[in-house]
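Structure, as structure tokens:
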Amino acid sequence: MLSRRNELERTRRAGTLEESSEHIEVRTAHDWEYYKSRRKIRLVLDDGTISFFWRAHTITALILIICVLMYITFLEPVSYDSVVNNRRGILAVMVMFLVFGMMTTGDAPFRRPHPIVWRFVFNVSVLYELCLVYLIMQTADDARQLLKQLDPTLGVELPEKDYGGNCLLYDNTHTDPYHNIWDKLDVFVLTHFFGWWLKTLVLRDWWLCTVISILFELMEYTLEHQLPNFNECWWDHWIMDALVCNGLGIVFGTMTLRYLEMRPYHWRGLWRIQTYSSVFLTQLITDLSIAPSVFSLQRETPADSGAVYSL
């Protein structure tokens, strides 16, 4: 208390403190509120170089697509190879869908680096979903044959690796007692780690990622009869996957969030909210997406945003 009084006495002598019967006001070195209230409004003039990149350009894209189609139809030599024609036709349909999708779909909550980037991501997701809907109507062999349009080496059923055959951690009958552990270390170890690192950057909640990781391992147990690849040893499920690979990915993802100073998300169930009006408002905001500020980055400069998107 004595040091605080001495500090107030020194500031009073310096003339930077004003006292009244109601409050104490401390003047800062730079009165930014006074400057903000009295600064002149600067008019921003657009010479067309900036707004050009923020217009739809629908007619321009339509004309370019028509020119490309006319060139392919009238000027390119006709190919009588059905495989090549099918491949080009599928590629042309995908390109047309993506171009018109980017021109007509609405903007996503994200703005940087440009809304058209997120339109492209959205339309790629829709196109991927349509392909999955088509494949689900085919047999497994027919679906593999369709993949030959992408790569002629595809279309052959891949051999399934036996992950749950021998579950001994230490096999004293083998020259390498830990051969079972080394045999389970494959490319999926890296995919588990980097996958959960990216999931943590998206969900931004350590508890939620941990719960999803455990539930995914339980789901693998329940789907072993459909997917032989899920038939793994107990230590492969809970030690290598859940604890080591997924756990380290979540930890490194949390460290990345703290390093980038990204705002964490607090996922809450509706039962944790006290009043019914708050429950209704929360659900309304979630359904209508009327709170785009949730998706905005704390750092709004292009350099900082580019560092985040480069991940």
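Positions of Cβ are set from backbone N, Cα and C atoms, glycine also.
Feature annotations, courtesy of TrEMBL:
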- 52-74: transmembrane segment (TRANSMEM)
- 86-104: transmembrane segment (TRANSMEM)
- 116-137: transmembrane segment (TRANSMEM)
- 201-218: transmembrane segment (TRANSMEM)
- 238-260: transmembrane segment (TRANSMEM)
> If you count Cβ pairs under 8 Å, which stretch among 52-74, 86-104, 116-137, 201-218 touches the transmembrane segment (238-260) the most?
Replying inline: 201-218
>> Can you tell me which parts of the same chain pack against the transmembrane segment (52-74), counting only residues 6+ beyond its ends and a CB-CB cutoff under 8 A?
In response: 92, 96, 99, 103-104, 114
